[in-house]
């Protein structure tokens, strides 16, 4: 039926071109153009958002900040949304939606460029190392300086006491936060105004498929975002300004910082391009499937307002004044929140999004720390394995909803079941453990006995008693015994040869009893148990992501189908407001704070105070990360029970009042009638809009 309608639409507008009709092109073509433009905008915002998450460890190390501060930066995007989402969603629906979306994309682009700004105004990155001063030398003095054992916090051979002069540069992470806030403000109109525009002007039976396509493209964005993150993580942060031969660390090192700024410049350009098409799209279109009379005059070619819209369609009131719209805002919001089903479902969505956002934000970091993978590899695997599974699941969900012709209850049950199955499978992640890296004095004692209770005094042993070492520095070396030592000094090494990454430390008294043992730069790579378990982790991650994502589009269509058409944009906007306030902002912060509690060894800032974490207790990390994620989902499933009961009661009441005349009901409209009848309103004396009220959310799947 859609194809026939579109053919008629094209033919009729072909004739209208000869008569200079108001729509300069086919409305069907314009809708397709809007669909393509919106998909590209979703792609751009998803790419920059996923790239932000792929750089969290890079930002931690570059600005020397803990995970909870990274959570604040990540949540600042939601703060930007929070500032304007309700007003943009309500007033934007009554104005020129494509142009508002275009302005939002421009602001997103500007914010993305600001995020990259600190790189160009701060100095070069300096990491902790004891071999920087031995570069270009074949034989060097002893790392183990004579003296009495002790701790000299904040003092190391390569950092002069005047290094505090540059400490203020580390506050440049504030620019990253402010840029992310602007990104959030600019992203605000894209979702609610874009989706409502499609739903208003597409036929009912194809709206779900169109939304599914947009959502699918939006999940393709993170694929390129994580791949971009993987590429940039391989490139040293100051590439082009330093000699790479003098760099003593590799991408697998806990001190490595990639070219995080480069990806933001690329993402900013892409977002800027996405703003262009919307500027040339019309404010409104004839509803697909509506018949237009013979074209002879400009008026006949125009959209006939008196024609009743389909039950889910709503045309913005073009002549409403700002004062009238503002006056109606509070009553409209009260009407939206007047149904318990909407409130209960919103609670479910908020709790599940807390679980989802916390999990996704720190998943690359979890892969890095728990399975000892580089940031580049973690981002690459997220992009090419995990994200495509989500995209396929969301598209398949939209296709299944159309094929099965799911009504409200069917969509809700489908989304709930897929989420529940994914939850059960996710419990298997607890069995996929990996042992802690063997670091002397941190995770094991100097005689290779497991000891997780770290204390700085445990780093000092008789084997390094003749050395004057600092416990605050982190410059790991790998001994011949496959144990990592915090620094060559603490390994008791007395001589070193070579330069850069090829430096070899000799006569390390703590490595062997006789002292004739060597150590190389960097941590030991003894991760055989991690490599065996990692493929199973990836396979399970793909399966659970696909199953959970199947419920994405049905859950989202549940939202926009069981509310009044004129409340569609407001409902989408308010749901975004609630989820950003109660999930998007706090989740990364408290997830990061809990992860920080599992840190065993913190880095040291030049002027004192802790910096970024160098090594975690992987067992505690796994329990905290997975336990918090699944606990939140457990609570959400419990809250679903009264929601289903209440929804069933309302549908039962509709059956009892089925004889009340209220227009033709099709495609699941029977289920919607009970939710609609008590909120039916007369907008004007010349038309009646059949409406619905109740809501849910697209993030059911997550």
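Residue positions begin at 1 at the first shown residue.
Heads up, the Cβ atoms here are built off N, Cα and C, so glycines get one too.
Range annotated as transmembrane segment by TrEMBL, chosen from 512-535, 536-559, 560-583: 536-559. Annotated by TrEMBL as transmembrane segment, the relevant range among 237-258, 259-280, 281-302, 303-324 is 259-280.
The average pLDDT computed for the domain 'Kazal-like' (457-512) is 81. The transmembrane segment (380-400) makes contact with the transmembrane segment (536-559): 3 or more of their CB pairs lie within 8 A, with pairs spaced 6 or more apart in sequence.
100-122 is the stretch from 29-47, 68-88, 100-122, 536-559 with the greatest number of Cβ pairs below 8 Å to the transmembrane segment (259-280). Below 8 angstroms of C-beta separation, residues 10, 23, 98, 101, 105, 108, 183, 187, 190, 194, 197-198, 201-202, 210, 213-215, 217-222, 224-225, 228, 267, 270-271, 273-275, 277-278, 281-282, 285, 288 of the same chain, each at least six residues beyond the ends of the transmembrane segment (29-47), sit close to that stretch.
Helix first, then strand, then coil: DSSP counts for the domain 'Kazal-like' (457-512) stand at 9 helix, 12 strand, 35 coil.
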